[in-house]
């Protein structure tokens, strides 16, 4: 009996060992097949990037050829003709102006890529047209805001003239510094800085928009509860209390203007404009025969520094209380409760002006998220930014006209088109605020414009960087002249 048991045990061990050998053989075959597949796939991946690189290079070359062909056609023409690309560019610019006006920003970050990529214009012509388009949109914004009061801020219009006074001199100085940096910095550095800053600004604007949206939702729920508690008779008054702070008062007409502050702003505008006209540009275009990039050129340029300091110091020393239009922050811990100091506005304006000069766009898109970040209400931010953009963009347009700008009739048509588009965008936005009771829509419109500008301007800059790299062009720092 014991013999049979040992025999069966021996047979079982042999069968188990045989199964293990078969199992190991199976795993060995499977491992070899996986290894062969991986090696063949790795070999294919080594070949694939080469073909992908040639495809990308071919696509970029075709893009450059198309853009060069479009620009060559317009360069040979003395006047811009209303061809299909110009019409399509006008339609896109109309939509861009309507969106930009809702946030109180100029929209130059959208106009320039549209005019260069769709219409095929060169950067110089696109920049001059963009200055007039931004001016037209900002005029519509200023007129609309001057004619509208806000019960939320005591029946006054929502333009904060004190912020504009403190910011405008340093913003104009920053633009001049930024233009010099634009000439010195390589194209790849400008593109990287632009992408990083606008990506950060877009994210911060979206975050502020979500915070305001949450606050408005809580306020609407609180008002709904009060309406239900007061009964059906008080429901109409409760709804009116929600709508009035966001719309402003009706029947007020044009509100009284602070003529002293307006006069100071006009004086600042004229002072910087005279310096620009006397100095001219680096190509020698000016009203005086000053040598481009000579001693007189840099002396006149340096006058902007003490001019901005004197104006800012004088405004800061005025014994007037700086009125900060911030949101009602009762029972709110999401927004900072510390009121910003007066000095922060000139510093923000200087930073926005420098970056705007470096990137070749207006400062409204850059200073708007900064104002929102320090707790300024969305309505005040949009109105004040559009008011500041009016002064900076009108100065650029005025200089283009005096220095013999071409295509002035086309620029005027585009400016009128943006004026109408901006009014339409403002009316639609105010109607949406009236229906939904959410001023945070202004913040989201700003975020939308900045996101689109980030994609378009970064793509446009990346194409130029790639062209310089392929052609072997120098990509380091340059002299300003």
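The count begins at 1 with the first shown residue.
The backbone N, Cα and C atoms fix where each Cβ goes, glycine too.
Any TrEMBL annotation is an automated prediction that lacks curation.
Annotated range for transmembrane segment in TrEMBL, selecting from 213-238, 343-368: 343-368. The stretch that TrEMBL tags with transmembrane segment, taken from the ranges 239-258, 259-278, is 259-278.
Using a cut-off of 8 Å between Cβ atoms, the transmembrane segment (86-119) and the transmembrane segment (298-317) share fewer than three residue pairs, counting only pairs 6 or more apart in sequence. Here the transmembrane segment (441-466) has Cβ contacts under 8 Å with residues 60, 63-64, 96, 99-100, 102-105, 107, 109-110, 112-114, 116-117, 187-188, 190-191, 194-195, 198-199, 201-202, 205-206, 208-209, 212, 359, 361, 365, 368-369, 372, 378-379, 381-382, 429, 432-433, 475 of the same chain, all six or more residues outside its ends.
Recorded stretches compared: 131-151, 380-403, 410-429; the one with the most Cβ pairs under 8 Å to the transmembrane segment (171-200) is 380-403. Panel annotation: around the transmembrane segment (410-429), residues 79-80, 90, 93-95, 97-102, 107, 128-129, 131-141, 144, 397, 400, 441-442, 445 of the same chain, lying at least six beyond its termini, place a Cβ under 8 Å from a Cβ of the stretch.
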